[in-house]
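J.: As listed in TrEMBL for this protein:
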TRANSMEM  B:9-32  transmembrane segment
DOMAIN    B:66-278  domain 'ABC transmembrane type-1'
TRANSMEM  B:70-91  transmembrane segment
TRANSMEM  B:103-124  transmembrane segment
TRANSMEM  B:152-176  transmembrane segment
TRANSMEM  B:208-226  transmembrane segment
TRANSMEM  B:260-282  transmembrane segment
Amino acid sequence: MDLQWMAWTLPTALFFTGIATMLVLMTVWELVSPTVEAKGFLPMRTTRGDRLFIGLLGSAFIHLGWLAATDAALWGALGVSLVWTAFVIRFG
Amino acid sequence: MDKVQDNRAWFLIIPVFLIVAFSAILPLMTVVNYSVQEIFGPGQTLFVGTEWFGKVLADDRLHDALFRQIIYSLAVLAIEIPLGIVIALGMPGGRSAKTSLTLVLLALPLLIPFNVVGTIWQIFGRGDIGLAGATFRALGINYNYTSSPLDAWLTVLVMDVWHWTSLVALLAYAGLQSIPPAFYQAAKIDGASKWAVFRYIQLPKMRGVLVIAILLRFMDSFMIYTEPFVLTGGGPGNSTTFLSQYLTQMAVGQFDIGRAAAFSIIYFLIVLLFSFVFYTIITNTGSGEKK
């Protein structure tokens, strides 16, 4: 199948592989140990998947904010995002 | 008896998943791929990393368009929601010819295609041949939506109100009709004023449909494209250029595909954020009462 029209690059392929891996791992985790709705620091009750989504959406805005605020490499934003996502999944 | 869990039902969503994959997920992935490249033509690309995102985020015209978009959406909500409620409160109840006629009349603007609405208002507002424009001119009011940003804004807003308030009114009406007569009877016995009936019976009972109305009107107005494009073309100047139109100018007008792709992703993330917030509010609305 010719996928040239999709203009793939290695970084975007790795990005989507990462997202797909996360979804697969979350599915496996769900099958092994089903999620329970919990109430943390977020204003509503959330499942594990909800918290991952909030973590990822927040990470996207952290990256955009980083790009808008500084010329420094995005690795910093990635580090902040990982901490944020882990924090939301654990305490959200 | 324990509830039987049968996860095979999940297979039933495979056709939908495939359709969404081909119509939304794959195109979105392509947009992400484009957003990190300079696109010269099919197969001719140059990887530029996050350069487009940096440029888009520093783009003053985009900031202006986003600011206009937010003001516009808030103005739409501030007018259409109260107006829709007032119309719904004034509509005849029960099953009668009057009710049917009112519902049909209210539904009419919703049936008109977006570009036709734009054309109707474009002609309606013209000073030489339009009813509204000519009337304003005869009254000595200097109204011209093609040269005055204020007039253009007012026209686009009034057009949206004309087009979409019916939706809010119909939703609010549906909410009002679902209130059992016993509530009104109890209020009458208590000698409640009209305001008290509205504040403590009708408004709380309409909350669910109003949240849906707010969500629909916010999302629609935030993505508005066709009507202002036909009516003002984004002008005068850029005064009515909203996000969608700016994006189209970038992608189709300038063929700046990489930058437009980066812009699309940021736009998508903003819409996703608002949708998630509204979705959370909707799904949590009323959950406090059950506790």
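Every residue gets a Cβ built from N, Cα and C, even glycine.
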J.: Can you work out which residues elsewhere in the same chain, 6+ from the ends of the transmembrane segment (B:152-176), have a Cβ less than 8 Å from its Cβ atoms?
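T.: Residues packing against the transmembrane segment (B:152-176) from afar: 72, 75-76, 79-81, 83-85, 87-89, 91, 93, 103, 106-110, 112, 117-118, 121, 125, 145-146, 202, 205-206, 208-210, 212-213, 216-217, 220-221, 224, 227-228, 231-232, 235-236, 239-240.
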J.: Would you confirm whether the transmembrane segment (B:70-91) and the transmembrane segment (B:208-226) meet the contact rule of 3 or more C-beta pairs below 8 angstroms, pairs 6 or more apart in sequence?
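T.: Yes, since the transmembrane segment (B:70-91) and the transmembrane segment (B:208-226) share at least 3 Cβ pairs closer than 8 Å, they count as touching.
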J.: What same-chain residues lie close to the transmembrane segment (B:9-32): Cβ under 8 Å, and 6 or more beyond its ends?
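T.: Sequence-distant neighbours of the transmembrane segment (B:9-32): 261, 264-265, 268.
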